[in-house]
Amino acid sequence: MAEQISLVDVSSSVSLRGEDSSNVALLRDVFLPDVAASDPAESSVDVQDEHSSDDSDNENEVFPKQNDFSQRRRIQNAQFEALLSKCTDADSNEAFDRAPIALSDGELSIAHLVKKQDLGNGMLDPREYQIELFERAKTQNTIAVLDTGSGKTLIAVLLLRHTILNELDDRANGKTHRVSFFLVDSVTLAYQQAAVLRNNIDQNVAHFFGAMGTDLWDKRTWDKHLQRNMVIVCTAEILNQCLLNSYVRMDQINLLIFDEAHHAKKDHPYARIIRDSYFKAQPSQRPRVFGMTASPIDTKGDITEAATRLETFLDSRIATTSKITLLREVVSRPIEKVWAYNRLEPPFATELYKLMDTRYGNIKVLEGVYRFAWNASSELGKWCSDRAWWHALADDVLPKLEGNINKLIESNTMKAEHGAVFKDIIRIREASETVKNYFFTDPELPGELSPKVQRLRMELSKHFNDTTGTKCIVFTQKRYTAKILNELFTVLNIPNLRPGVLIGVRPGDIGGMNITFRQQFLALVKFRTGEINCLFATSVAEEGLDIPDCNLVIRFDLYRTLIQYVQSRGRARHCTSTYAIMVEKDNAEHEGRLKEIREAENIMRRFCEILPEDRILHGNDHDLDSFLQEEEGRRTFTVKSTGAKLTYHSAIAILARYASSLQYEKETVPQVTYVVTIASNAYVCEVILPEKSPIRGLTGSPAMRKAVAKRSAAFDTCLLLRKNRLLDGYFNSIYHRRLPAMRNAKLAITCKRTNAYDMLLKPSIWAKQRTTPTETFYGIHMSLLPSKPLSRDHRPILLLTREKLPEFPAFSIYLDEDVETKVLSYPLKHGLQISVDKLQSLTVFTLRIFRDIFHKVYEHEVQKMPYWLAPAEAIDGRGSGKNPRDCIDWDTVSFVHNNDEITFTRNLNPESLVNRFIFDNWDGRFRYFTVAVADTLQPSDPPPPSVPRRRYMNNIMNYTLSLSKNSRARFLSSCDWNQPVLQAELVRLRRNLLDKMTTQEKEMQTECFICAEPLRISALPPSIVSTCLAFPAIISRLDSYLIALEACDELELVIRPDFALEAFTKDSDNTEEHRGQQIHFQRGMGKNYERLEFLGDCFLKMATSIALFSQNPNDDEFDYHVNRMCLICNKNLFNTAIKKQIYRYIRSRGFSRHIWYPDGLTLLHGKDHSTKLLSEGKHALGEKTIADVCEALIGASLLSGGPEHRFDMATKAVSALVDSPSHRVSCWKEYITLYTLPKYQTEKHRGSEDDLARHVEEELGYHFTYPRLLASAITHPSLPSTWGYRVPCYQRLEFLGDSLLDMVCVEDLFRRFPDRDPQWLSEHKMAMVSNKFLGALSVKLGFHRRIMAFSNPLQAQITHYVEEIETAQAESQGAVDYWVVAKDPPKCLPDMVEAYLGAIFVDSKFDFQVIEAFFERQIKPFFEDMSIYDTFANKHPTTFLHNKLTNEYGCTNYCLKAGELPTIDGAPATVLAAVIVHGNVISEARSSSSRYAKITASEKALAVLDGLLPSEFCQKYRCDCKETKNSSSVVEIGTAI
């Protein structure tokens, strides 16, 4: 595959529905070209023009050959491709083996945490009873009933090994591949059991669970997993859906293992797999079944009936060991104790409860808290009851409570008033403050704890005081109880006791109950290592989790079922462990439950003992028909072509998946709505599909149960979708949830790839001049203003044209010994009527200039003259309104017209020859200004040795003469040998006065001694000649201005000539490499495009951001970024430039001796340069150069202003150069016309939003017309959309504000530092817009207090960051750069600043002045002195790495590459970055974005290189770059910018 640098393959998987045609075309151009074309290595070969010499003094000079980097780049690309491919092929299970053991537990993934615990290592040592059950399981479907800790999993491992061996034999015999499925009931068990199997089976073991996005996988993905793996560990619902969708068939499974098999009942996925798929397959196609449980029942009731029913459910037979004594040797039962506590008081209202009930008792969202606190007063005591309020009303819980208030009010049948919502929200906040300010007493005071908790405290104190080796688990029924007990025992500070909490994962929790699978694992790891030795846990710790041996298990809340008793008792695995049960004294219910459970255990034991010897039940078979009869009346539908099956249960999941697929360009996931109503004493459910669905839903059939009505309606809806072909044969949606196709794509184009393009040599205006009737002439008065006195007078001249020329800016030329001289040009306001005679005279005067000064004789053709030159009177700028006729020195014109030359005669006064311009009629190299008469020399004297060397040096007459041999002899025989010798200054052949002299030009001798007779004395005044010697440079620059303006006219842009030319000027082959040594630098071209390109790039980003934001209010930030990337990418700009032939106008060559002459005249005498024009008319340009010029044009348009708004012309330029329907804007004010106010913005704002806007206005000075915009700017994505202010999160506004902030910062730097290059500007802009600074600014502005978020970790991060940044500020002694030393802030803080900017911009109707006002007031004070941030960018890891490799080690053969790793659809993107040095991958890193992956890879590379001496570096990486270093070496590495 070709190099995929930050590129994702979208050729087959991306849905382009709804894309505009230009974006689709761009997608094809970028992603679907020939493979070779997509490889930068193949595309980077330099294209050079063999005739592109720019040194006009040496027409045969050849360019120095450029180094060919394609081979090196090709190797680097291949190495990175191999690395990318390797990482792609390594699936999640192989990645499991690469645990970064050096990291702390807090940094490890769940998989690595499990692996680090080394679960199951060395466990394969089966006991006799295990072998006995294994042998049974080999021959028949079996449910193994063994105590917790007795090694049921080992039996499964033995069975898996046996099955795999048979499978390998079957495959060798050509049979169909089959795999084994190990089904578990929780995500944590999926990790744990997969780890155990991997340590004991030498085949590929995969583990899957729903959060991995498995519901979005298609059949091809599952086929790949089935092909790759021998065993798949997964949660049961995954396999159930796969079987129903026919991704996996029952005949593809050789073994089904059910962990904790007692769950197989009712509608559990275990039962549905058996009922809907297993029993529907032919018996010969069914796999072996093996179930594992500590007790076959988990409910009350008839034990035997429940056990036999389980056997029927799983088509298996219960078996247990006959060697009970052997089992007891392995599993030692703990000592059971009963801890009785005094009777509890009835629930009562504590002081805090009374206070809360009096003030806030009618707030419905607090009902659950009231209920728990009421019961806790009895169960746990006053202190614990009160602390429940502290948890329930913590700061991080408030946003969710406020959201729940909205839900409750809006669920009422009456229309909710905003005031009611606001009132309850205010009261919730008041309640939180009340709890915060409440004084909590010491829990050790009498009466604060219940008798139950006091007994627990007493027993724990005794156990932990007696020994430091105690490890304890305390089981509670409620999660709140576990949480508060953990807090209590932390406060009590019992010696040696280190409490922790382990509760289940449950989405949608409030009150600080949120916990993740990762946090569960961390708690278990800490318990294993002893960091925690007293774990307060709910039922999550009872079942299956491999909790390390502990010697004390306490049932704080009494168990309710036999399985709870067996499972929790099984946690006490130490040989001297204690299992304590807490019961209330004189509580008949507790005593009855103890007795009931003991009897149930005895019944269960007897049940197992009466099993026949062969462990097969006889006479107790449960009727299979009665088992399946439950499903009668519940319809099913099977797609014959695929075998996919639709059931009542699967219909709900299928509709959810279908709704998710409709997420096209929205932030929130579309959901199916079920509305259940009662009609005719039955339940009826209406299914409402998301609005993007072509089918909007239906109303189902009546049913007697609400759940059945819902499933029935979902089933019918699926049938309707299938009928309309909206679901395929596997019940997958025909739509695909669209992740933007261009995510992480590299839409840039290589600046190394060049092609030959046409280049305009002359502006078209000169050709038009020849066809324009000669009636009125327009003049431009041109004069020279030197920075210091020149050696010779330079008289103004007038340039006359048939068409009026624009006003040209002043520019510099270099006269004499590099005296900088401004060329001033003033267009005359009035046209000039010239008679035929006068025009003839002007034509003669102009042609005389070309003949005498430049050795070109043109035919006298008035109609072909593009322009005329005339001597002019001196005027200032105010004199441009003077009558043009009065500006021309007609006397001089007439004199030149009447005198072809000043004739030399023998009686001519020698002094009359001084201060004349004399030229050699036969050799254009010799032009002279006479200085004085050399009285001491005669024509026959040899020339002084200081004169420039010529062929004939025997005497001055011969020295002066240019004739050939025969003509020379005739002349010498007749000339006057007594004429005066003149001291003269030889005019240098230098034409490029736009630049200073070269060293060679400076060294040229100009003092000469000549005779006048061999030469011709020009009738042109020397002052005019002096000025006209600069005319080639002047007219070349004017031509460039005119060509640039011609391009602007083509684009319908009005741009100042100096900015226009700057935008089109490329003065070297690598102009874009701002600080690299310039290759083939073109002298005298003035400013190049790089600064304007930097400015234009920033405006382009802002303009397209505004356009996309305005036209697509429902897009999310992700789509905004992608669509903007499509608009502003170099590829798009390049394509537009090619279409509009912008390349023709680019000035890539400096002054040329060949093309400045007037075009169209007939040359009679002199060297014909027309043969050179063909080669001069082509230039080699890189694709990136052409794209950069487009951005520079936008920058030039910005500086040129506009008719109404200063952004008008730049806005128009963006439309012209982006050339997309997404940006059809001709002026700034049109943006607001594109914007349709979204509903949330115009909704009536609530009191809370008004209050927010008022406070922010007081602090920041901006008054919001739409306060809900501000509410959106502070709403974090973690806050559910129905909570808080019920506005979109800040991501859209942040996208807009980011570009606005960039623009205002760049404009400020561009204006303040006119001489700084783009690299410097970029590095210092980085400081101004960095997350580091914006995070500190966010705290300064108080945004951290206003964020609406729902995330415990985020709140903690913000708190810690605020503490650190405020400390840094306090210790900075007033320094404005205090923020530089702080750690990186949580990203939400800088995001809120940018979102605020977006909000005020939208609220002000797109008034950029509000952004500038914010910048001047809040940001600029930090950056008045930019020198203090000179090293900021250099601290960026990527920049630092680049500098270290280049400057310290002198290495150029390295690169930093990034590419996206393929993921399943719907999963977060993962980008791999790697640093490659001389073919060695020295570091790699992964992240969700290319930027952060490169940063991390750079940091790792710096760590590798730390302390390495240059000599050691060269030896280690075989670096010889210093020996072969070339000035044009180019390194491919990301920068800090």
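Heads up, the Cβ atoms here are built off N, Cα and C, so glycines get one too.
Taken from Swiss-Prot as is:
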BINDING   Leu146, Asp147, Thr148, Gly149, Ser150, Gly151, Lys152, Thr153  ATP binding site
BINDING   Glu1294, Asp1391, Glu1394  Mg(2+) binding site
BINDING   Cys1451, His1478, Cys1519, Cys1521  Zn(2+) binding site
DOMAIN    133-314  domain 'Helicase ATP-binding'
DOMAIN    459-618  domain 'Helicase C-terminal'
DOMAIN    651-741  domain 'Dicer dsRNA-binding fold'
DOMAIN    891-1019  domain 'PAZ'
DOMAIN    1043-1202  domain 'RNase III 1'
DOMAIN    1253-1405  domain 'RNase III 2'
DOMAIN    1439-1507  domain 'DRBM'
REGION    38-68  region 'Disordered'
MOTIF     259-262  motif 'DEAH box'
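Sequence features, as recorded in Swiss-Prot, placed on the structure.
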residue : record              : DSSP (3 states)
Leu146  : ATP binding site    : coil
Gly151  : ATP binding site    : coil
Glu1294 : Mg(2+) binding site : helix
Asp1391 : Mg(2+) binding site : helix
Cys1451 : Zn(2+) binding site : coil
Cys1519 : Zn(2+) binding site : coil
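When each of 133-314, 651-741, 891-1019, 1253-1405 is scored by its Cβ pairs under 8 Å to the domain 'DRBM' (1439-1507), the top-ranked stretch turns out to be 133-314.
The helix, strand and coil residue counts that DSSP assigns across the domain 'DRBM' (1439-1507) are 26 helix, 24 strand, 19 coil. By number of Cβ pairs under 8 Å, the domain 'RNase III 1' (1043-1202) is matched best by 1253-1405 from the list 133-314, 891-1019, 1253-1405. Surrounding the centroid of the Cβ atoms of Glu1294, Asp1391, Glu1394, where the record places Mg(2+), the chain contributes additional residues within 8 Å, namely Tyr1290, Gln1291, Leu1293, Phe1295, Gly1297, Asp1298, Pro1390, Met1392, Val1393, Ala1395, Gly1398.
Of the listed binding-site residues, namely Asp147, Glu1294, Asp1391, Glu1394, the sparsest CB environment within 10 A is found at Asp147. If you draw a 10 Å sphere around the CB of Cys1451 (Zn(2+) binding site), it holds 23 other CB atoms from the protein chains shown. If you average pLDDT over the domain 'Dicer dsRNA-binding fold' (651-741) in this model, you get 81.
In this structure, the CA atom of Glu1394 (Mg(2+) binding site) is 44 Å away from the CA atom of Cys1521 (Zn(2+) binding site). All chains included, 19 other C-beta atoms sit within 10 angstroms of the C-beta of His1478 (Zn(2+) binding site). Cα of Gly151 (ATP binding site) to Cα of Glu1294 (Mg(2+) binding site): a span of 55 Å. Take the mean position of the Cβ atoms of Cys1451, His1478, Cys1519, Cys1521, the recorded Zn(2+) site; other residues of that chain with a Cβ within 8 Å of it are Leu1445, Tyr1449, Gly1450, Thr1452, Asn1453, Tyr1454, Val1477, Phe1513, Cys1514, Tyr1517, Arg1518, Asp1520. Set side by side, the binding-site residues Leu146, Cys1519, Cys1521 differ in how many other CB atoms lie within 10 angstroms of their CB, and the most is found at Leu146. In terms of DSSP helix, strand and coil, the domain 'Dicer dsRNA-binding fold' (651-741) has 29 helix, 20 strand, 42 coil.
Counting every protein chain shown, 22 other Cβ atoms lie within 10 Å of the Cβ of Thr153 (ATP binding site).
Straight-line distance linking the Cα atoms of Cys1451 (Zn(2+) binding site) and Asp147 (ATP binding site), rounded to a whole number, equals 65 Å.
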